[in-house]
Amino acid sequence: MPSSTAPGQEDDQEACILRFSDLDLKDKSLISSSNTLKAELDGSTKKKYSFAKKKAFALLVKTKQVPAPSYECKEKWWKCCQQLFMNQTSIHRHVRTQHADEIYHQTAFILKQLAATLSTSKSVTSANKKNPLKEYLTHSQEVSAWLPDTSCFSPDELKSGQGSEEGEVLLYYCYCDLEDPQWICAWQTALCQHLHLTGKIRIATEGINGTVGGSKLATRLYVEAMLSYPLFKDYLCKEDFKISRGGAHCFPELRVGVFEEIVPMGISPYKISYKKRGIHLSPGEFHKEVEKFLSQADKEQSDTILLDCRNFYESKIGRFQGCLAPDIRKFSYFPSYVDTNLELFREKRVLMYCTGGIRCERGSAYLKAKGVCKEVFQLKGGIHKYLEEFPHGFYKGKMFVFDERYALCYNSDVLSECSYCGAQWDQYKLCSTPQCRQLVLTCPACQGQGFTACCVTCQDKGDRQASGPTQDSFKEECECTARRPHIPREVSQHAQLSVNPAPEPSVGEDGSLLVFQ
């Protein structure tokens, strides 16, 4: 099962440093030494810290609420990490002990908001008097006011058709300035629970990024709610929602949170903004550009690079012909990859693509900021929209997705191989070692022989755990991760053109589901 860790949390932890007045808040000191930290603060800052931490804790608990069964006298229960909690004491204990990192990030974010609010309070007050939309929303802050009317539907109707044949999964994002992402978080949590949707939603001051699953009725009502909400209706349209077959079963639970970035690139949106992105190309325009690129006899001398912005385990099972597919594990490695291989992009026209388009928004902005490319283009709507128009076009193989389906199939091409025997195979499974988050390509024949771990090291760990006391967790380190260069250096463009790359050495094939994109 995918991890219950908040999406992108690892990347956030690596980069998160919050300056508030003269206070430096870093993850380890805040989480493990909060009493010492508080003792060092002056009275005013200590009050702000206490307020922010209480608010962060309360908001996190609220996102875990689920309706209690009708036969119970209580109005609500809580569900988290696939466990059900029937009283506040138990959910509070669970959140406090198991989600300290998330509380820290929420606390840091709220303190950052407080600092910004205090420094601009006069200008904000003046702006509010002249902003009818914000004034209108202020008077309608009750979350329930922005939930769709479902009185004409029974709960069974909203839940029906959540199976793979009749349910749907929505994928979308919207870059826009949000002044109160915490309220949007509460609204999205209530909206999804109201419609019995599961999934993952990231919210930040720069916008919202989500993927949710449920019945076709529920997803339709969700889209209508998003398109009618004043802050989004001028930015989103119906075509911005990518739809695929699925349902609520594609996600273990609902996770909604506030982060610094809606896709974890590891760089503050204030430094690299989506507003400086590359030029959007429609699927049709992108198709023509790829066709022109592939028709060139000598691609080594071409002034164009077709760049896959996804992680290696995504491009492993499906990609555009002739693309440059970086051998990176996370999108947060992409900036370093560009820096390391900057000469590769000098005086080039770059055609970028990713699953739904969101990674290209800031990835293209980062590449443009380097000032070495002739032009930077990106596929609007990503692979998802391209395959809707060109299922048998220049994209071959499957499209990886970050849920329990792992991949969507639009054509019959199989590009990858079983990690053990080398037979054609492109269906991922999680490593069989408990709590490992790596993905493995192992065909049915090899699975039948017991080859179900991502590598020999992980297989040994599984054997040791089976014969000894079960550990709660272990470090995500095995042959798969240890052998792979953190940031690969490309020898040349020609050397990395993806036609049919060689299989991974040894038996390992890794891939983390912690990234949310």
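Using the three backbone atoms N, Cα and C, a Cβ is placed for every residue, glycine included.
Here TrEMBL gives region 'Disordered' for one range in the set 83-111, 257-285, 286-314, 489-517: that range is 489-517.
Residue counts for the domain 'C2H2-type' (71-104) under DSSP, split into helix (H, G, I), strand (E, B) and coil, are 16 helix, 8 strand, 10 coil.
The helix, strand and coil residue counts that DSSP assigns across the domain 'Rhodanese' (300-395) are 40 helix, 21 strand, 35 coil.
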